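Pulled from Swiss-Prot, these are the features on record:
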BINDING   Asp71, Gly72, Glu73, Phe74, Asp75, Ser120, Leu121, Glu150, Arg173, Glu213, Lys329, Lys353  NAD(+) binding site
ACT_SITE  Lys152  active site, N6-AMP-lysine intermediate
BINDING   Cys447, Cys450, Cys466, Cys472  Zn(2+) binding site
DOMAIN    636-725  domain 'BRCT'
Amino acid sequence: MTSNDPADPADRAEFDDAAVAGMTSEAEAGATAEGVEDVPAGVRERYADLVEQVRAHQFRYYVLDSPTISDGEFDELFTELQTLESDHPALRDPDSPTQVVGGTFSTDFTAVDHLERMLSLDNAFDPDELRAWVERVEREVGSSAHYLCELKIDGLAINLLYRDGKLERALTRGDGRTGEDVTLNVRTMDDVPDQLTGTDEYPVPALVEIRGEVFFRVDEFAQLNASLVEAGKPPFANPRNSAAGSLRQKDPRVTKSRPLRMICHGLGKREGFEPKQQSESYAALRAWGLRVSPHTKVLSTVDEVLEHIDYWGKHRNSAEHEIDGVVVKVDEVSLQRRLGATSRAPRWSIAYKYPPEQATTRLLDIQVAVGRTGRVTPYAVMEPVKVAGSTVARATLHNADQVRHKGVLIGDRVVIRKAGDVIPEVLGPVVDVRDGSEREFVMPTECPDCGTALAHQKEGDVDLRCPNSHNCIGQRRERLFQLAGRKAFDIEVLGYEGVSALLSAGVVFDEGDLFDLNEEALLKTTLFRTDDGSLSVNGGKLLANLESAKQQPLWRVLVALSIRHVGPIAARVLAREFGSLDRIQEASEEELAAGEGVGPTIATAVREWFDVDWHREIVRKWSEAGVRMADERDESIERHLTGLSIVVTGSLEGFSRDEAKELIMARGGRAAGSVSKKTAFVVVGESPGSKYDKAVQMKVPVLDEDGFRVLLEQGPEAAAEAALPAE
């Protein structure tokens, strides 16, 4: 089935939508409604035969990759099926291969519980960690095991519920216990049958939850982006995020227009089917009409597993989809049961994560950007290149000294990597391919935004800064953008475009004016007003967000002030120690530096910030506008965590990460970001990552969420008794 074939999932949406429109108009034009019993028997028989044939050929094409008819022959069958449904609307039912959800589309994404919890996976990052996991497994079960290895797809986890073979519900993973109902959208995907098939060996079970991953194929994602660019629309950043966004569309027709795929990799709750091996469950999934990865392999030793992992590490770009590792599972289900699970992950499975990818590309230019504190940072402009699952075209170069240190020239071929698979970094040039056309980067002497001469803030400082902090539009824009972020006032609708609109219209000069905004001011901007001159929906949301932001805790206000070196951690300490902005402003450097984790550098920065007249004017304006400048202290809270360093990792159900840190600090503790010998406890939620592994290795007490509550309410001695057993 070629990409030009209407039966191909990449192109079928438009074809089906046209058919639906035709069927709707004919049904509406009919004088009387035709019932199924009114359809001639021969037509009903032909329709049933076509449905069966189309399903079978889709199964052979999409699942078995072994079609038995040509693309043209399949197209004829599919078109005939559509024609019969158009001529006889009564024949249409939800199980038809041509099903398109018609009328007014609405997906509310209702929260629904999974029948069986969807756990996350522990990770291994090197061969020694994987060997240690295998040793633990075989020590626990008292014998050797077989290991099923499969590619770790970088997609969106999904849970399908089939009852008597019929798709009843599709949920996103959510928090593992509860997911979002995306059934209408999932029904539009060709890889997800409405009705399971079955064989004598593997009949369809009475009930089964099927877990899998929704993704874009690499080539189809590229085609999708090319079509978007051709249409004058911005391309998607990476396949994983665009797959998630495509599946969560409110209009299922949009989802259907995207070439989403799904590969199944496990079962949840089931009735009427008990496999003996994980690999047997995959054979059953294939028999039921679902896709399973063709790259799954069962191996007997850890050396074989590592060899398999090494192979895919070298060939990860040859898979049809993005991968970020290999999942290793104990194949025997009886051993899986004996191994059990922790509160967050099965003990019988682990994900081996690959290190960040590297790639080479052309360095087209080096430009500079001005930050919120005036720092002028050079960044690389490159030919777009695929690295670690996303397309990279820019990367920071930090400062002019780093450019010289790396030895990169404009026009070079450069090696880049994504540190932590997130932040693009230029490692250095490929010197051997230089042809003499390359040129050195010259750091500008003037601010690119306001023209002010750049200078070092102090002797020995490697960074150049624009000293025009109050009037430089670049700095004002960055400060406003930063204060709206999640770690400051968390003003949802005030993004970069909104900040630029406010500055361009002149309704704010700097951050001091932000909380004086009203409807009259927003109507002066094109972004926050409608074509008829009224306030837009986002304009109304912005005013509501600003009102809510006035009640944010003191530490967020401190972050929003853009005081150099003061991030969320230092801000929390200052807020906890002093309680109000007035007391912070009145404190000496020595008093400020006394807070744990503050020190002289931050204390000096705070003192110098308050010495500037226009900085104090911002505080005055915010205070007069009603921004909360002091925290209410609960004197009843015992400070029984004083002096203790506590690390929180993973997702907690009852607390956000910020809330957990605030509760720790309110009791005198330090919310640390890494595990060390000084760590008193590590609190783990879902997907805790390497911090949990390090805690186990260093024998630091580990608390689950219940243990964390004990720590908060009863103190460290009681929490030590509630710690999870050492693995």
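Each Cβ is built from the backbone N, Cα and C atoms, and glycine gets one as well.
Small disclaimer: the values here were computed from a predicted structure and weren't measured.
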Can you list, in sequence order, the residues of the same chain other than Cys447, Cys450, Cys466, Cys472 whose CB lies within 8 Å of the CB centroid of the Zn(2+) site?
Val370, Gly374, Pro448, Asp449, Gly451, Thr452, Pro467, Asn468, Asn471, Ile473, Gly474, Gln475
Starting from each candidate's C-beta and looking 10 angstroms out, tell me which of the binding-site residues Cys450, Cys466 has the most other C-beta atoms.
Cys466
In whole Å, how far does the CA atom of Cys447 (Zn(2+) binding site) lie from that of Lys152 (active site, N6-AMP-lysine intermediate)?
46
By Cα-Cα distance, the member of recorded positions Lys152, Cys450, Cys472 nearest Lys329 (NAD(+) binding site):
Lys152
Express the distance between the Cα positions of Cys450 (Zn(2+) binding site) and Leu121 (NAD(+) binding site) as a whole number of Å.
50
Measuring CB to CB from Cys472 (Zn(2+) binding site), give everything in the same chain under 8 Å that is also at least six residues away in sequence.
Val370, Gly374, Cys447, Asp449, Cys450, Thr452, Cys466
Check the binding-site residues Leu121, Cys447 for other C-beta atoms within 10 angstroms of each C-beta and report the one with the most.
Cys447
Per-residue Cβ crowding (10 Å cut-off), top of recorded positions Lys152, Arg173, Lys329:
Lys329
By DSSP assignment, list the helix, strand and coil residue numbers for the domain 'BRCT' (636-725), in that order.
35 helix, 18 strand, 37 coil
Between the C-alpha atoms of Arg173 (NAD(+) binding site) and Lys152 (active site, N6-AMP-lysine intermediate), the distance in angstrom, to the nearest integer, is 16
Rounded Cα-Cα span from Leu121 (NAD(+) binding site) to the residue listed as 'active site, N6-AMP-lysine intermediate', Å:
11
